[in-house]
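First comes the structure, then the notes that go with it.
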Amino acid sequence: MSKTNASQIRMLCPAKLNLFLELCKRRDDGYHDIDTVMVAIDLVDELQIRVRQQPGISLQVDWSPSRRELAKQLGVEPSSKAALGPDAHVDPSLAPESAASLLDIPCDERNLVWRAAEAAVKHFDLDFGFEITLGKRIPAGAGMGGASSNAAMTLLAIATLVGRRGDLDSLHGLAAEIGSDVPFFLRLPPAPDPAGTVPAGTPNVSENSGASISPVAWATGRGEVLQPVPIGGRLNFVIVYPAIALSTARVYQGATVPDSPISSAPLRNSLKTLAISEIGQFMGNRLTDPARKIASRIDEIHESMWQSGLKGVQLTGSGSASFGIADTPKSAGLAAETLRQQLCPGARVMTACSLPPPAKTQT
């Protein structure tokens with residue numbers, strides 16, 4: 001029976017963007033084999049995990065900025081029970097509740113943090129429990145991997161607390177059982193701390209793995225077979241998250257597996273030299289078109305993003321967030337401000353950078 005080496009821990013949970021996503025074939029289990037390139041970015045959630053003597057899990061979730069401020073940006077009411085009102089820019093084919101509920105994060109077994117904590121308790125044979133506070137910055141239901149990142153960091157946090165952080169292989173197995181994207185977040189470079197400070201007495205584990213590799217990974221299979229991809233520096237992104245709830249299953253159902261799937265190899269090669277024009281040219285997401293058919297506002301958003309000067313504009317994952325690449329942090333900021341004027345309220349516009357690569361991969 002494992003014992004703790006510390007009583008609390010703080011983790012940063014980075015979001016991800018899919019620079020490339022191709023469907024290779026439909027599997028017998030109903031899932032798809034995919035070819036995807038994911039990059040971790042410096043938009044992060046924050047986990048605080050404290051040991052408690054009694055068994056069980058408690059979870060509290062808060063938004064940063066506040067729920068009210070995010071609701072204002074999205075053009076929805078803070079309460080999920082409220083109707084949207086005439087000024088909300090939400091696709092008319094979607095129920096009002098689906099937009100307002102974008103701010104609702106479950107605090108029970110429906111949350112992947114809870115599932116990950118329970119899996120870790122069972123795996124490490126623990127007779128005590130955990131109090132977990134999750135500070136959310138990553139949009140929910142956006143295709144940005146927030147829930148998967150939260151789950152991965154929960155596994156890593158509990159492993160650290162019980163002195164088993166080096167057991168990454170077994171953690172990878174647990175992560176894959178929780179979700180296809182979860183293993184990606186276990187082995188990443190340090191995520192910059194948005195607060196810049198650590199509460200006194202709290203270990204800060206923003207350096208999420210024993211051996212930092214690359215913020216970019218090539219994922220195949222269901223997404224759980226991972227290989228690091230070298231990158232020559234940091235990419236600058238502008239992300240637009242609209243007040244639209246997209247069903248992952250519905251988006252995949254609307255997608256067609258091509259007879260000759262496109263390879264991510266050209267994109268992976270272009271990342272080595274950080275040639276922005278080439279990266280934008282070789283990006284792609286097979287799920288963008290079916291998502292646009294479900295939610296017509298995605299077309300409007302993409303057109304505005306192209307006009308702002310961004311490159312490689314596309315959906316991330318199955319949406320509903322879209323992103324594009326800017327040449328510099330300054331140009332990303334200017335494009336984001338233009339998009340806020342055009343699209344808000346009704347969308348949240350953010351800037352982000354890819355996580356810093358290990359020094360040996362920089363050029």
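Every residue, even glycine, has its Cβ placed from backbone N, Cα and C.
TrEMBL: automatically predicted annotations, no manual curation.
What TrEMBL says about this one:
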ACT_SITE  LYS16  active site
DOMAIN    111-186  domain 'GHMP kinase N-terminal'
BINDING   PRO139, ALA140, GLY141, ALA142, GLY143, MET144, GLY145, GLY146, ALA147, SER148, SER149  ATP binding site
ACT_SITE  ASP181  active site
DOMAIN    276-342  domain 'GHMP kinase C-terminal'
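Recorded features from TrEMBL, shown on the structure.
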| residue | record | Cβ within 10 Å |
| --- | --- | --- |
| LYS16 | active site | 29 |
| PRO139 | ATP binding site | 23 |
| GLY141 | ATP binding site | 21 |
| GLY143 | ATP binding site | 28 |
| GLY145 | ATP binding site | 27 |
| ALA147 | ATP binding site | 25 |
| SER149 | ATP binding site | 31 |
| ASP181 | active site | 28 |
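Geometry remark: GLY143 (ATP binding site) versus ASP181 (active site), CA distance 10 Å.
GLY145 (ATP binding site) and LYS16 (active site) have their C-alpha atoms 6 Å apart, to the nearest angstrom. Taken through DSSP, the domain 'GHMP kinase N-terminal' (111-186) splits into 44 helix, 8 strand, 24 coil. Counting residues of the domain 'GHMP kinase C-terminal' (276-342) by DSSP class, helix then strand then coil, yields 39 helix, 12 strand, 16 coil. The record gives PRO139, ALA140, GLY141, ALA142, GLY143, MET144, GLY145, GLY146, ALA147, SER148, SER149 for ATP. Within 8 Å of the mean position of their Cβ atoms, the other Cβ atoms in that chain belong to ALA15, ILE138, GLY317. Here the CA atom of SER149 (ATP binding site) lies 8 Å from the CA atom of LYS16 (active site).
Rounded to the nearest whole angstrom, the C-alpha distance between ALA147 (ATP binding site) and ASP181 (active site) is 9.
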